[in-house]
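Sequence annotations record features per position, and here Swiss-Prot assigns domain 'Obg' to 1-159 based on sequence analysis. The domain 'OBG-type G' feature in Swiss-Prot is assigned to 160-343; the stated evidence is sequence analysis. Per Swiss-Prot, GTP binding site is recorded for 166-173, 191-195, 213-216, 293-296, 324-326, and the stated evidence type is sequence analysis. The Mg(2+) binding site feature in Swiss-Prot is assigned to SER173, THR193.
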Amino acid sequence: MKFVDEAEIQVIAGNGGDGCVSFRREKFIPLGGPDGGDGGDGGSVWLVADENLNTLVDFRHERIFKAQRGVNGMGQQMYGKAGQDKIISVPIGTVVINVQTDEVIGDMVRHGDRLLVAKGGTGGLGNMHFKSSINRAPRQARPGEQGEERTLKLELKLLADIGMLGFPNVGKSTFIRAVSAATPKVADYPFTTLYPNLGVVKIEAYSSFVIADVPGLIEGAADGVGLGMQFLRHLQRTKLLLHMVDISATADAYGNEKVGVGLLPIEQVRKLEIELERHDPALLDKPRWLVLNKADLMPQEEAQALAEALIAELRWTAPWYLVSAVSREGTWPIMKSAMTLFEHQREVAAEQRVSSR
């Protein structure tokens, strides 16, 4: 299924039914009073988060959603039936934006979350409400109110604990295959990953978390070059970023960057940080660990020496790991450390909730 993470839809709530002008007509009661009933309320439009959906692709085919109109009131004080609500299912992680005001009106983060996006109109009053001491036979009723109508932009932000950053072809998809049951496409050319992939990492029987691989970033991404920037929103909810670097990328005898992804390891780090700073600086404030991949492409001592030299040159103070995603060597300690971090984050969050009461 094609991955779609943006959609624009129109939602139209039902109008309220009109109130009725009617008079009681019974045998031997020639001058019965008003008995016109009220109109039914119009149906509303709701969004509901559904864990069984993972893309907004359905909204490419259906973009207008209408709730039912309320039924008009009738004689004998009969109220009109309310219009049926329109329920629209969306994936968990959907952000709802009012296009007219550019205001975020909802964030669907849990299965079953409901959001009212267009309220149905109230039913009109029948003429029985307008009877008075000076007007015993009112011939007036109130029409139903108009239902709300909005144009909404839906943005899907995947709910993942770990997000992977890196230039194309550094091995992010291979890493996800190594640590989870996900099977993203892997090949030796850039942009193999065209859409985000999610993998579930199981540490123990009841301990697991989700890792997301998004298309690789390239230099100039903040200006719209490449694929990765349009998917950066999926990393905004993550608790940890893994910044993957191809440690095997080296220069030839003339200093030209030839091998690997086309950038020396230190350039892979610095250029990506520049792109993040330009597009979404908040991502740089998240915990970010360096994962030096493709250590299997050189002798172990050489890989270790290159890694230590890189860390020293970067003055890197956060955790870092030397791994081979292909052979899975060194990948599992990262996952265990990540689980420890998440448990600590939960404990801190729980303490903050208690202290704020």
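Glycine too: its Cβ is placed from the backbone N, Cα and C atoms.
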Handout entry: Reported mean pLDDT - the domain 'Obg' (1-159)
Key = 90
Practice task
Look at the binding-site residues ASN169, SER173, SER324 and tell me which residue has the greatest number of other C-beta atoms within 10 angstroms of its C-beta.
Solution key: SER173
Fill in the blank from the handout: In this structure, the one of the binding-site residues LYS172, LYS294 whose CB has the fewest other CB atoms within 10 Å is LYS294
Exercise for the section: Determine, to the nearest whole angstrom, how far the Cα atom of GLY166 (GTP binding site) is from the Cα atom of SER173 (Mg(2+) binding site). Expected result: 11
Completion exercise
Cα of LYS294 (GTP binding site) to Cα of SER173 (Mg(2+) binding site), in Å and rounded, measures 13
